[in-house]
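Colleague: If you scroll down you'll find the structure; I have some questions about it.
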Amino acid sequence: MDYGKTLNLPVTDFPMRGNLPEREPEILAYWQKIDLYRKVQQKNEGRPKFILHDGPPYANGDIHMGHVLNKVLKDMIVKFKSMDGYDAPYVPGWDTHGLPIEQRAIKDLGINRKEISPLEFRAKCREYAEKYARIQKEQFKRLGVRGDWENPYLTLMPHYEAKQIEIFGEMAKKGYIYKGLKPVYWCPVCETALAEAEIEYAEKKSPSIYVRFKVVEGKGKVPEDAYLVIWTTTPWTLPANVAIAVHPEFTYALVKTEKGDYVVAEGLVQQFFEATKLTGEIVARFKGEELLGVVTRHPFIERESPVVLADYVTLESGTGLVHTAPGHGTEDFETGKKYNLPVLSPVNHQGVFTEGAGKYAGMKIDDGNKAITQDLEASGDLLAMSFIKHSYPHCWRCKNPVIFRATEQWFASIDGFREQALKEIEKVEWIPAWGKDRIYNMVRDRGDWCISRQRTWGVPIPIFYCEACGKEIITDESIKAVSDLFRVEGSDAWWKYEAGEILPDGFRCPHCGGVKFRKETDIMDVWFDSGSSHAAVLEQPEYWPDLRWPADLYLEGSDQHRGWFNSSLSTAVATRGMAPYKAVLTHGFLVDEKGRKMSKSLGNVVDPLKVIKELGADILRLWVASADYRSDLAISNNILKQTAEGYRKIRNTIRFLLGNLYDYDHEKHRVPYERLLEIDRWALAKLHRLIARVVRAYRDYEFHVVFHAVHNFCTVDMSAIYLDIIKDRLYVELPDSEKRRSAQTVLYEILDSLLRLLTPILAFTTEEAYRHFPAKGKKESVQLLDMPKVEERYLDLTLEETWDKILEVRAKVLKALEIARQEKLIGHSLDAWVTLKASGELYDFLVERVNMWPEIFIVSQVDIQNEEVTGENGELPLEVVVNKALGEKCQRCWMYSPEVGLDPEFPDTCPRCAGVLHELKNRPL
């Protein structure tokens, strides 16, 4: 007889293989068809709000793994919150202005921005930005990210730009916006000023030179045939030198050498000798403050260079005397203000010397470096020259070195609201906690924010100039006129209309009454664009009615402490007096298995679009959940293979659960808790411990804890223990026996909870499995369910402690069975008869459960003997003996029994199976 047909073997259409690349798009189409985002919003209406405000990625190119990490983290949080009692809308956004998009538009569309009108150029940039916002939108959706994709925000939207103008106006009204001549980071390639957040540091090779300045007024301290020696790595800034700075507290030495007398810091004399190959002795010493007022002559320009005092001078390198050019450095500029020094910056927007540099006019900076050092060598003023490699600021877009250049720019004065910003930082929850110190120090130490850019693709600085008196005009009236116009026509209107057409009829200059005006030509820094998003998106309910201010959470990479978190904090504190976020979470960056950064040259870049095609989006989502995002995250094809293996184990567990519920109706067949078998109650306790741990981890944003807890539950508690033990009961017992229904009751609870717990991570797989789940009154999507709740009555500590001991016994038996298998004594564990030898409490414990052990060990027979056994090294005092099982093998359940063959109708079965077969035979078909 074919007994296979009499067993309750698993039945499910849920496939073993995920085949995610083919299956996921069909699920996506289903979500779109039912308008899942709106359904979730309707379900959660009236619940407390949780607003995760999306930091806008650049609408520039296809998505990369950094995007995946960021967007999936956000999606997991939003999905969890919407299943944990919150109304958690998610409005995605894009940053659409600025240099990156200008450069790509120029390159991809083959245009020259200097040969077409600003409006034409802006139209091309808009076309490029909108195209990539559309492309990225589809790519983010393909990742399973749920959001209001039909109503996202783009920083180029007219209503967004209008709100940004209002923010600028509020800051100006409070006196935080000013125009000033200051040294700013300047990219000669991109021809624009840059903010600190647009700077990257990279290694650069620079000349390292020692230059002498002849003393012309020694103040009775320094002989007038002596020289002061400076050290610099930027010879090109020497034409702008107007002073030499010394530290007031340092001791300086007059050193007599074979080539003249030189003044350097006493602590750097030896270093000076080594660099210049000079020898000599110290003949005099003086404090830095005594040198104030000493005057030197510039080595190649007819100009004096006096000594000034500055606390930032160090003894780390050089000579302790600092070449000071207020037009080329922030500290130099502050010193220049203190001593009323001229601000010279004889370098134009392309990094070419102007007439102010004398004979070097027309040269590029690098050529100037060479020419200046050659001239210094010819005049004998170059004492030493070498080359060094050092960390130097580079432009974030074109990757070229930047310069400091004094130009007239628009600034936001941080001093006006710095103290309030620091107070607000203290109120925000920073995740990880070190983020607080990082942004606190940045805000405490940062200079004023340069907000003007000499480009075209962006929001204009809404300032007018009076043609009569030349003064800047920024009033409530002018700001409102610009904001109202932009709300209707967008910022293109600034280039479309003359100043007089933008300003209200009859507008007059508030300074002189003039009636003719011109517009500012600079645009705003893109960090001002995205930094205004808290107001432009969260405070415009007519466009995004689900949102509110402030946000509960901002979540970006840790580089945004000086970027978006900082600019958002600045605009919010300046205009509203408080931070725009209650909590800020940061993640690390991507590295390969060896800890190296992703780069095309190393060939270690993982393309997410390729991974989705080959493995599926759920594998990427699981990778994000499995890694601890608080530090740098490793990604490689090998790591993704390991992730896919982890996925397979979770999927197999889900499939087993589904397969064994094919004939189960929870309403009809559910066994009350009190009547569940002990092992089933243990599994339920394990499940509810898991629920408690996972929900807590989600609330703490510890997704790697979620993954490892669920993975461990599936592979250890379930596959290796519980599911293995109950297979016999599920397959062999009568289909509707209470023993089998007891197991099924718990399998149903486990599956129901697992699908909910995994939905924020494995969005596609849980949706697919939910379709196969035999529940009554199912929702349209698993995402419309809530998180499972912990049932305290299932957390039976006494039961769990008992089972810890049972599993300790089982572990020792499994080891013995494995040895017996290796020795060819048995094949399958059911071939075994196990003898347990113990005494005392353990013997009593074993005897109490004598009928349970064969099921627990998955063996045919177990007997227990009372013998003294000592447990070595804290081991269980238990001896396990494995022998070949007694009797014949039952052809239905494969257990051995001396009673096989007693039933004449089913002579090759054990009494248990014979009883089941008789019962089945007597049932109507």
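First residue shown is number 1, and so on along the chain.
Here the Cβ of each residue, glycine as well, is placed from N, Cα and C on the backbone.
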Colleague: Given the ranges 92-96, 202-206, 597-601, 907-911, which one is assigned the annotation motif ''KMSKS' region' in Swiss-Prot?
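Modeller: That would be 597-601, per the motif ''KMSKS' region' entry in Swiss-Prot.
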Colleague: What range among 57-67, 354-364, 508-518, 739-749 does Swiss-Prot describe as motif ''HIGH' region'?
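Modeller: Within the set 57-67, 354-364, 508-518, 739-749, Swiss-Prot attaches motif ''HIGH' region' to 57-67.
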Colleague: Which site among Cys890, Cys893, Cys910, Cys913 has the most other CB atoms no more than 10 Å from its CB, taking these as binding-site residues?
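Modeller: Checking each of Cys890, Cys893, Cys910, Cys913, the winner is Cys910.
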Colleague: To the nearest whole angstrom, state the Cα distance for the pair Cys913 (Zn(2+) binding site) and Glu556 (L-isoleucyl-5'-AMP binding site).
Modeller: 61
Colleague: What is the set of residues, excluding Cys890, Cys893, Cys910, Cys913, whose C-beta falls within 8 angstroms of the centroid of the C-beta atoms at the Zn(2+) site?
Modeller: Val732, Gln891, Arg892, Trp894, Met895, Ser897, Val900, Thr909, Pro911, Arg912, Ala914
Colleague: Within the motif ''HIGH' region' (57-67), how many residues are helix, strand or coil going by DSSP?
Modeller: 3 helix, 1 strand, 7 coil
Colleague: List the same-chain residues at least 6 positions away in sequence whose Cβ sits under 8 Å from the Cβ of Glu556 (L-isoleucyl-5'-AMP binding site), in sequence order, or say none.
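Modeller: Counting only residues 6 or more apart in sequence, the Cβ neighbours of Glu556 (L-isoleucyl-5'-AMP binding site) under 8 Å are Gly55, Asn70, Gly563, Trp564, Phe565, Thr586, His587.
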Colleague: Return the member of Cys890, Cys893, Cys910 nearest to Lys600 (ATP binding site) in space, with distance defined Cα to Cα and candidates limited to these binding-site residues.
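Modeller: Minimum Cα distance from Lys600 (ATP binding site) across Cys890, Cys893, Cys910 lands on Cys893.
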Colleague: Let me check the 10 A CB neighbour count of Lys600 (ATP binding site). How many other CB atoms are there?
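Modeller: Total other Cβ atoms inside 10 Å, all chains included: 7.
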